Amino acid sequence: MPAVGGIGPGTGKEYPGNLTLYVLVTCIVAAMGGLIFGYDIGISGGVTTMTPFLQKFFPSVWRKKEADKTKNQYCQYDSQTLTMFTSSLYLAALLASLVASTVTRKLGRKLSMLFGGLLFFSGALINGFAKAVWMLIVGRIILGFGVGFANQSVPLYLSEMAPYRYRGALNIGFQLSITVGILIANVLNYFFNKIEGGWGWRLSLGGAMVPALIITVGSLILPDTPNSMIERGQTEEAKAKLKRIRGVDDVDEEFRDLVAASDASKLVEHPWGNLLQRKYRPHLTMAILIPFFQQLTGINVIMFYAPVLFNTIGFKDDAALMSAVITGAVNVGATLVSIYGVDKWGRRFLFLEGGVQMLICQAVVAACIGARFGTNGDPGDLPKWYAVVVVLFICIYVAGFAWSWGPLGWLVPSEIFPLEIRSAAQSINVSVNMLFTFAVAQVFLTMLCHLKFGLFLFFAFFVLIMSIFVYFFLPETKGIPIEEMNQVWKTHWYWSRFVEDLDYPNGGMEMSKGGQGPKNV
């Protein structure tokens with residue numbers, strides 16, 4: 001069989017250095033940038049099930065929901081205006097990520113994080129005091145600008161700051177923060193919904209100011225990455241910083257590679273145009289297909305609309321919110337598994353295992369919902385065992401995503417791009433992610449109304465396709481220094497036809513002396 005796995009973990013280069021307390025604290029603070037994205041994902045799905053919120057801003061949806069309690073459960077939330085409230089953020093994030101590429105490249109990763117925090121804070125403030133739907137939409141758009149800047153800069157920052165042996169675990173701290181943000185939002189929604197007077201939704205939406213402040217303050221105290229400092233001409237300061245973050249004085253080899261990569265990147269006048277060059281074909285493919293497949297797993301259907309989904313399949317409002325809390329807790333726990341295993345078991349193993357797990361669970365959930373609701377959406381009285389089975393398999397599905405496609409969808413793209421195209425390629429990654437997040441969020445409730453339980457089979461099909469793609473086309477990137485990553489393409493059974501030694505003179509020939517050739521999996 002062809003060498004679908006690419007190269008093994010050895011590459012012939014091993015930079016000296018330790019996982020210092022300084023780097024660990026720095027990466028933890030930076031990873032908290034994921035809180036704003038996670039909090040928003042969790043909060044938006046919860047407030048859209050709160051009766052006072054619907055009565056104030058979406059009365060037609062509330063009336064339809066009340067009228068349809070004994071009718072078609074699949075269609076009770078089908079409203080384009082309601083989904084626009086949720087999904088407008090992701091269009092804004094798409095646009096912001098393109099601007100953030102230039103900011104991140106020319107002014108540094110820290111400044112992008114700062115902009116993200118300030119914008120998210122402003123959006124949360126507007127939403128918390130919203131008096132009309134247009135204020136909600138404007139607030140969501142500004143929140144989206146904040147998410148675009150943060151998602152563009154934080155994964156890059158983590159991949160550049162972390163020692164290569166621990167890059168996977170430290171980068172997944174970003175996804176862990178996303179899951180913690182989702183869980184916090186779900187818990188707050190549950191309790192704020194119980195506030196008498198019907199104004200708890202304001203606390204839910206306005207509470208986004210807290211994670212915004214965390215990333216804003218964090219960006220002010222974080223150091224810049226040596227890669228970014230060299231890129232902006234601060235060479236001596238970058239070498240001193242590299243010694244501090246690695247905890248050793250012998251950083252000459254890594255520093256030379258960073259400078260060489262920076263020199264090569266300065267020759268690139270138009271990084272966006274360069275992405276279309278033949279030698280970057282593997283990178284561009286991954287920057288597009290990994291975030292595309294990540295959203296087509298169906299996870300955002302679960303995490304955006306978990307309360308709506310559980311309410312739709314017959315749970316009461318409080319029960320729906322509590323079910324979302326449960327799935328949120330599973331999400332956090334499973335992400336910790338990924339942090340433990342990503343640098344031990346490798347990226348490909350987690351991708352493939354998670355894909356199989358999600359595929360099985362989606363088939364079971366589709367069967368359960370189809371058996372009780374049929375095509376008319378009227379389940380009658382739902383027994384408790386049914387609710388337990390549905391929640392159990394949704395939790396197993398969430399766990400599969402949380403230790404595979406969730407964190408790795410951010411980790412792998414952020415670590416495979418050469419410095420000369422890194423900011424631009426990461427913007428493509430974030431833009432595709434946000435585009436399909438928007439698309440799925442906008443059409444989900446309509447698809448649920450028309451496809452019914454078949455919606456889960458729709459997403460299961462894409463899980464199957466993306467698992468096949470990973471098996472054949474994604475090389476293993478575990479244990480490879482970030483500036484030496486191009487070796488994985490040169491020894492891959494398919495991508496090697498696009499990449500030659502002359503394309504990457506820095507490190508490529510050296511690595512080929514000690515690196516492993518293709519091997520079967």
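From the backbone N, Cα and C atoms, a Cβ is placed for every residue, glycine too.
Sequence-distant contacts of the transmembrane segment (19-39) (same chain, six or more residues past either end, CB-CB distance under 8 Å): 113, 116-117, 120, 143, 146-147, 150-151, 153-154, 157-158, 161-163, 165-166, 170, 173-185, 207-208, 211-212, 214-215, 218, 221-223, 244-247. The transmembrane segment feature in TrEMBL is assigned to 19-39 (among others).
In the predicted model, the domain 'Major facilitator superfamily (MFS) profile' (26-478) shows an average pLDDT of 83. Under the heading domain 'Major facilitator superfamily (MFS) profile', TrEMBL lists 26-478.
What TrEMBL lists as transmembrane segment is 87-104 (among others). Within the chain carrying the transmembrane segment (87-104), a Cβ under 8 angstroms from the stretch's Cβ atoms is held by residues 40, 44, 111-112, 115-116, 119, 137, 140-149, 151-153, 156, 271, 423-424, 426-427, 430-431, 434-435, 437-439, 441-442, all 6 or more beyond its ends.
Taken from TrEMBL, the feature transmembrane segment covers 111-130 (among others). For the transmembrane segment (111-130), same-chain residues at least 6 beyond its ends with a Cβ under 8 Å from one of its own Cβ atoms are 30, 33, 36, 57, 96, 100, 103-104, 136, 138-154, 157, 202-203, 205-209, 211-220, 222.
The transmembrane segment annotation in TrEMBL covers 136-158 (among others).
TrEMBL lists 170-191 (among others) with the feature transmembrane segment. Same-chain neighbours of the transmembrane segment (170-191): 23-24, 27-28, 30-43, 46-47, 50, 154-155, 158-159, 161-162, 200, 203-204, 207, 211, 303, 306-307, 318, 321-322, 324-325, 327-329, 331-332, 335-336, 338-339, 342, 402, 406-407, 410-411, 414-415, counting only residues six or more beyond its ends whose CB sits under 8 Å from a CB of the stretch.
Same-chain residues lying 6 or more positions outside the transmembrane segment (203-222) and placing a CB less than 8 Å from one of its CB atoms are 26, 29-30, 32-33, 35-36, 39-40, 43, 46-47, 50, 110-111, 113-114, 116-118, 120-121, 123-125, 127-130, 139, 143, 146, 150, 157, 181, 185, 188-189, 192, 195. The transmembrane segment annotation in TrEMBL covers 203-222 (among others).
Look at TrEMBL and you will find 284-308 (among others) tagged as transmembrane segment.
Taking Cβ pairs closer than 8 Å, the transmembrane segment (320-342) reaches residues 42, 45-46, 49, 168-169, 172-173, 175-176, 179-180, 182-183, 185-187, 189-190, 193, 302-303, 306-311, 350, 391, 394-395, 398-404, 406-408, 411, 478 in its own chain, all 6 or more past its ends. The feature transmembrane segment is assigned by TrEMBL to 320-342 (among others).
According to TrEMBL, the transmembrane segment annotation covers 349-373 (among others).
What TrEMBL lists as transmembrane segment is 385-406 (among others).
According to TrEMBL, the feature transmembrane segment maps to 427-447 (among others).
Residues annotated as transmembrane segment in TrEMBL: 453-474 (among others). Long-range neighbours of the transmembrane segment (453-474) within the same chain, counting only residues 6 or more positions beyond its ends whose Cβ lies under 8 Å from a Cβ of the stretch, are 2, 4, 6, 285-286, 289, 293, 296-298, 301, 347-348, 351-352, 355-356, 358-359, 362-363, 365-367, 369-370, 373, 405, 412, 444, 447, 494-495.
Sequence-distant contacts of the transmembrane segment (136-158), counting only residues of its own chain at least 6 positions beyond either end whose CB sits under 8 Å from a CB of the stretch, comprise 27, 30-31, 33-34, 36-37, 40, 57, 84-86, 88-97, 99-101, 103-104, 109-110, 112-113, 115-127, 130, 167, 170-171, 173-174, 205, 208, 212, 215, 222, 225, 410-411, 413-414, 422-423, 426-427, 430, 433-434.
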